[in-house]
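Feature annotations, reproduced from TrEMBL:
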type	residues	note
BINDING	R64, E126	substrate binding site
BINDING	E126, D153	Mg(2+) binding site
DOMAIN	3-225	domain 'HpcH/HpaI aldolase/citrate lyase'
Amino acid sequence: MFKSLLFVPGDSERKIEKAAASGADILIYDLEDSVVPDRKAEARQITRAALKNADRSICKYYVRVNSLDTEWIREDLAAVVPARPDGIVLPKCNSADDIKSLDALISSHETEEAISRTKIIAIVTETPQGVLALTNPGWVQPRLAGMMWGAEDLSAEIGATVNYDNGDYTEPFRLARNLCLIAARAAGVVPIDTVFADFRDEAGLTSLCQKARRDGFEAKAAIHPAQVKPINDAFQATPEEIEWAKKVITLLRESDSGVASLDGKMLDMPHLRIAQKILAKAESGGKS
């Protein structure tokens with residue numbers, strides 16, 4: 001399990017070095033949106049070197065490659081997979097078949113380098129096609145570790161002038177968010193909340209984190225190191241939640257009927273599963 005994922009421009013050695021001290025559970029070296037075409041080649045080499053020199057004890061390392069429909073993705077994978085990232089982030093994922101296509105591309109490099117299976121996190125709502133595909137079967141795949149939703153590219157695709165207003169996302173983006181959450185749960189992978197672009201607004205970030213966690217998201221992506229601590233704090237179980245979970249587990253295990261009562265509310269097996277998840281994440285510190 002993980003709580004925070006920090007995107008870092010793959011062409012900036014300074015930002016990569018700074019990100020290592022952020023406390024993020026996953027660092028995502030970005031070869032896509034934060035790198036202009038003229039710097040793609042240099043970004044691959046900087047990212048490859050960063051992976052080779054990375055301290056694997058502090059976090060996991062993923063790379064966001066360019067999308068499958070670009071001329072760059074094969075070069076991205078050829079450069080970074082031999083450096084053994086923990087995972088690849090696929091942007092503009094339009095269907096479960098895109099995961100299979102990326103799987104095949106990664107496999108060819110893994111075979112050459114004798115590398116174990118690299119995980120995939122898919123960004124699944126950056127196009128209208130991707131949003132609609134979330135209602136289809138097929139997302140249960142061995143490499144898939146998480147599904148993240150995105151708002152900025154989707155805004156451009158559907159012609160929306162605003163995606164966030166008065167402290168929350170507007171309706172089209174709430175739809176994308178909710179479908180991502182449900183599809184991820186159906187696939188048995190981690191649902192990841194999207195980035196919050198205003199990195200100076202800590203109160204707004206915290207509010208979105210609380211809403212995401214309330215609804216079932218397990219993690220949130222960040223674009224600035226300053227966002228990592230608020231995310232980690234918000235997605236950590238509180239002492240009150242841990243105490244509640246322990247009481248629920250004790251009461252239901254002692255119950256002969258599979259039903260119990262706590263503070264005037266009925267408890268049954270769904271509450272037991274929730275309590276077990278709370279304790280499992282608390283005991284792991286939020287990291288796998």
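For all residues, glycine too, the Cβ spot is worked out from N, Cα and C.
No curator has checked TrEMBL annotations; they are predicted automatically.
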Overall pLDDT for the domain 'HpcH/HpaI aldolase/citrate lyase' (3-225), taken as the rounded mean: 97
D153 (Mg(2+) binding site) versus E126 (substrate binding site) - Cα distance in angstrom: 5
Under 8 Å by Cβ from D153 (Mg(2+) binding site), counting only residues of that chain that are 6 or more apart: P91, K92, E126, T127
Helix, strand or coil at D153 (Mg(2+) binding site) [DSSP, three-state]: helix
Other CB atoms within 10 A, centred on R64 (substrate binding site): 25
